[in-house]
Structures are given as structure tokens and as C-alpha cells.
Amino acid sequence: MANILKKLYNADKRELKRFEKIADQVESYADQMAALSDEELQAKTPEFRSRIEKGESLDDLLPEAFAVSREASKRVLGLYPFRVQILGGIALHRGNIAEMMTGEGKTLTATMPVYLNALSGKGVHVVTVNEYLSSRDETEMGQLYRWLGLTVGLNVSTMSPEEKRKAYACDVTYSTNSELGFDYLRDNMVVYKEQMVQRPLNYAIIDEVDSILIDEARTPLIISGEAEQANADYVRADRFVKKLVEDKSDNDADDDEDHGDYKIDWPTKTISLTRTGIQKACDHFGLKNLYDVENQKLVHHIDQALRANYIMLKDIDYVVQDGEVLIVDSFTGRVMEGRRFSDGLHQAIEAKEGVKIQEESQTQATITYQNYFRMYQKLSGMTGTAKTEEEEFREIYNMEVITIPTNRPVIRQDMPDLLYPTLDSKFKAVVDEIKERHAKGQPILVGTVSIESSERLSHMLDKEHIPHAVLNAKNHAKEAAIIMNAGQRGAVTIATNMAGRGTDIKLGPGVKELGGLAVIGTERHESRRIDNQLRGRSGRQGDPGYTRFYLSLEDDLMKRFGGDRVKDFLDRLSDNDDDKVIESRLITRQVESAQKRVEGNNYDTRKQTLQYDDVMRIQREIIYKERMQVIDEQQSLKSVLMPMIHRTIDHQVDMFTQGDRSTWRLDSLRDFIVSSLASEEYVDSEIDFKTFTPDALKQQLYQLVEDNYQEKEAALADPEQMLEFEKVVILRVVDEHWTNHIDAMDQLRQSIGLRGYGQLNPLVEYQDSGYNMFEEMISDIEFDVTRLFMKAQIRNNLSR
């Protein structure tokens, strides 16, 4: 392992050495650019574009273009990128991740590769985690690009399609990750090409790249429509599970007895009924066998009610506001407005909390961030913390993490963790340190991992009469303003995880002399990266700073993975004193090994998500490509329609005429022809079922289809109307079947794990079953297109 790390470190150094040489070239242009007038500097943009047209590559232009962008920054923004920012810019242009510490000027770093890549005219997307940051950066950095002659757009969720189209047509477009993904999905649901808003995906720079490509990687973007659902079923299941008792016996216990009705496996957060629980369900609902096929829906409702009541925690996983259940992002602590837990879990939580149950929705289109961002020609990103996830970035996104040196040395003091026996003793110690530091005026930022913890601490500080600001999912609208003031003398700020990320904390007057910003973590996060982000809020640009984490044996991470070893160690040292504190390297090592295990589990889960989603990705690409072919067509879709109808005829005739003639299913064949292709009169007068051969019948039906097509063309004198009719037929059928297929694939994925018990590989089973279901769907699409086209009545009123 040490050798691998050494190799990676050396590779990093080698890459930086190469970048240093390019940075030398950029700096060699500095005086030349400074000597140019504003008009001459601005004229460089059309000059570069002309050189690209003549065959120069962006790499050829890099030193000069970076120098132009740098000089323009000085004149327009009053900011001149440092050498380390040039290095970061080169890493971004190369499609890598620039790991730059907080306060090192990532936003300014991005201006150079954005300018260079925008010269191609193919569009650059600058991606941020929320609309506040998109809007802020578009306003501040947009003036630089506009001065240099580029067009700049902002894409937000409230825009009309026309406004979005204009934003995407710009050289530089600022947007959130979710809006980009949703626009892509919506573009693949339109009926007319001119309704689309995005151009082909060229180059993206993702700010806070770890947050988007790692933390949110498993979050699918979903566009839904309402599905029918009986809400009473959720209430019935909820009432039943509320009566159940947990089986807390050891999983490895030898006895075969149940000690409760349901069992929870906390490391995987799974919950299931015991045999006693299953029997109780049968008695409660009057069933012989809970797991009979006809009880499938009830089992689903019970499973979700169990999760809602015993796994999902209020004010940690979700909040209830104004009679509505809102999801809390476990990484940022923010409320995720408009998002709902899928597969009926949200409805189950609504039943649990006694609020109005909203309709369950049906997925119409879906994609994960992993697969959306992998479609860009070139992808890059910036963050203060990516090195711990380097393997994942390389394997999944083919991006290297390049650690960019700081402009000034880091002098922040990172103190060892302190461990307490209980939550109460830990929070008491945190408040004591806050009191001590607040008394001398030092600003303090306290990081918590849940809304519950932040409110508990806030209540304790109120009792001590210490004024403070609370930043969590319940008031994130003001978070940027609050976080900007967190470095002022006497400020005390409590933040859930990385609320306010992307906004710098600058130190107020006299704060350096007090030791800079003090950061106190009240719990270790399951990811080292999130802890590092919290530490990184302090000690920016060579400022002094202080960080310390407070832990307790009752913390979630310690309970799940800390193990009895730490507890025994603490018991030996603490003499049953709840206020006893331990500061030991063993504790830090134990915590870090627990974090590594969780990170490993999470990476495996994300990798598995990608493997499963790749099955859907291939299918999605086929369907979207077919849709685009239909939408793109300007003349006639006959060349698409006819093969579909011919394949349907072949399939049906072959199916009903298998084996010996005496076994042919002629009634079924006649039913197919009457229901899908021709009138009864035609069938009775034109087809002789006693003497026909399958091949001759196929040819006869092909001719029938051709005649029908020509009749419809004649009825619709305008070719544009015929094209319109063809598009409506194909797209309506494709979209309906695709929506149902997404739902079926989702259900397949939920159930596929059970096949693992039969010594089968669930992924291979999912791939095989998914492929068969897709083939079946294509066949169903062609069948329905055949019937709809042949049986549709033309009324000559088709218009766009």
C-alpha cells in the first residue's frame, strides 16, 4: 500500500513539473500583455478564434490565452491570478481535478481554462452546487468574459425553455448540476427538435466536484408523473408496524429463538421481519401466507413502513415543515426541496408522521450524475478535498487528482481528537471551549453532522447567553451571508456539515492576533473528506487557525464501527467518570480505520450503482437515439415505420403457424389481423385460411400496409401533416412503453438481490433479465405502432 501511495505521490509531482514548464510560458507573456491597450487585448479573442479555424489546437494557444485572461482579470476584476492558480488552470484544462485548499481562489483559477475552452465556440458549462453560487459567479466572473468578447449565460430552474436555450447557446453557461441533468432528460422527452434547449455536451468545470460526483453520485435525477396509489394501504401498514417490537439479540447468537418482531442491521441500514413478525402480519391481515404473489403490494407497504418508522430518523434524514415531509441531504445538511424518497418510502414517512400522503409518482425519465457527466467530451473539477477519493475519480471518471501547492504555507494548528464516554459530557466540553474562546473574542465555527445536534448545541449556548448563528437545512436561504461573517471578532456560528460551502470565511480586524478562526467538530463524519472540508474553513491563505474534533462513544460512527476495543480502553482509563476525556493516538487510528471502512463500503456501493445503471444507460442511449432520429426527420418516417410493421407481421405469423399445419392457431392469427391490420370484410374476402402459406400471407399483408400508407398520404395532402402523424404515432408509443419499462427495471432491481440466495450473481441476473425485458419492450413498441398506425382514422386536422 505504501508503495502505491508513493507512486501516486511521485506521479503527482511529475505532472506538476510538466505544468510548471507551461506556467513558465504563460508568465513569459505577462509583460507583452500588460503593454497592450484594452482594445488590443480584447482583439486577442477573435484572433485566437481565427487561429483555431486554421488548425491550431487549444493546447497550442494555452500559454498565450491564459496570459490574456490573466491580464484581463487584473484590469476588469482587480485580481491577478498567482502562479499556483495558473497550475490549477492547466490541471482543469487537461480534464483533471485541481485540489486547492479553501481560500486559494478556485473561482479565479477557473477563469483561464474557461476562457481558453470557450474560444472553440462549442460551449463551456461551469457547474455549481446551488443557484446562489451560479448566480454570484455569473455576475462576478461574467464581466471578465464579456469584456473579452464572450457571451455568458445563467441557467436556473425558473427559466422558460426559450430563456434556457439562450443561456445554453452562450460561450460560457453557469448552472447547477441538477438543472443540467433535468434539462438533458427533458430534451429527450420533447416532440420537436426546436423545443430542445441543450447543445452537445462539450466541456464542464465542476466546482466542489467531490460533492457532485461522489456524494451525490448515487442520487438519480428523476422526472415523474403521478401514478395511481391507494393511500389507505400506507396507513394500514403504518398502524401495524407501530405495534412491533425490535429483536435486539446478537446476530451471531446460537439460539434459534426470535426475541422480537423485526431486526435491524445498522451497518447496512436494512430491516426485516422475524418469523414472529411474519406470523403477526398474517394474523393482523388475516392471511395464510404473507409472501403469496397476491400479497406483493402489502409486503411492499410493510417493508416501507418498517424503514420509515425504525430506520428513517426525523430531523436527521428528513424534517417536517408546514405539514410536509422534506428530505435532508446527509452530506450538506440542506433540505432538498422538491425531492422525494422513491418507491413509496416518502408516502410511508408521511403516514408515520400523520401528514397528508401525496400521490406516488411514476418515473418518466431518469439518469444518475455519474452517467450524465460522463457524456461530456471533457470533464474537470475543483475542490479542497479530493485526494481521499482519488481511486474513484480515476476509475469511474478517468480524472486524475492534482494537488496544487498553496500560495503561502499553512500554519493552522490541527489538534488531536478528544473522546468522551457520553454525548452529554462531550457537548458540555464543547460548550466550555466555546465559552473560553468566545470570552477573548476569537471567532468560532462549530460543525455538526445533523440538525438535531446543531439545535441541541444552540439550546446549550442560549443557556450560557452566548450569541450565535445557526446554519442548517431549516434556514439555508441566508447561509452565505451568515458564513461570510463567521470570521468576525466574537462570532459563533453553528453549521450542519458543509452548509455555506463555496463561500469564503475572511478574518475580521484583529482576529489574526487572537489565533484566527477556531473550528470545532462535534462528531467525526463517516467520510474523512467531509472532516477535512470542515478543517479547511480555517487557516486560509496562510492565516493562523485552530481545529479540534470532539467525539463520544455514543456517536453514530463509534457505535457502528468503533467497536468494543475503544470502549474497553476507555473503561480502563476513565474510572466510570462521565467527564473523563481521552486524548490518544489509538482513538484517532480507530476512528480513521472506521472511516476508511465506511468510505470503502460507500465506494463499493457507488461502483455497484454504476454497474447496474450502466444497463439502463445502454438502453437509454438506444431509446434516446431512436427518438432523436424521429424528431430530426424532415421528410418522411416511412423508412422507420415500415420495418417496424414488417417485423411485427413476421413475428405474429411465425408464432401462430409453428409446427404442423394441423396445430396452427388460425383463430388467433385472424384476431391479430383484424385487431391490428385490416377490417373484417377484408380478412373474410381476401384471405383464404385453408390454403395460404405463411410466406405468401406475409407478402399479402406487406402489400396491405403499403396500400394503407398510400391512402393516408392521399388523405393528408400536405406531406408535413403526414410526417406529423407518423411522429405522433411513434413517439406516443415509445414514451409510454419506455416509462413503464423504467418502472419495471426499477422493480427488477429491487427484487434481484433475492436471487443471490440461489448462488446466482445478482448483477449478471439483472443484466440478463434487463436485456430480455428490453427486447420484449421493443417488440411491444413495434406491435403497438403497427396497430396505432394501421387502425388510426385520418381526419385531416393534424397540425403542430
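The backbone N, Cα and C atoms fix where each Cβ goes, glycine too.
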Per Swiss-Prot, GLN85, GLY103, GLU104, GLY105, LYS106, THR107 bind ATP; matching candidate in ASP462, ASP504, ASP531, ASP555: ASP504
DSSP-derived structure type at LYS106 (ATP binding site), helix or strand or else coil: helix
Additional residues surrounding ATP, by Cβ distance to the GLN85, GLY103, GLU104, GLY105, LYS106, THR107, ASP504 centre under 8 Å: MET100, THR102, LEU108, THR109
For ASP504 (ATP binding site), the number of other Cβ atoms found within 10 Å of its own Cβ: 17
Cβ neighbour count (within 10 Å, all chains shown) around GLY105 (ATP binding site): 19
Maximum Cα-Cα separation in Å among residues GLN85, GLY103, GLU104, GLY105, LYS106, THR107, ASP504, which the record lists as binding ATP: 17
Fewest Cβ neighbours within 10 Å, where candidates are the binding-site residues GLN85, GLU104, LYS106, THR107: THR107
For GLY103 (ATP binding site), the number of other Cβ atoms found within 10 Å of its own Cβ: 21
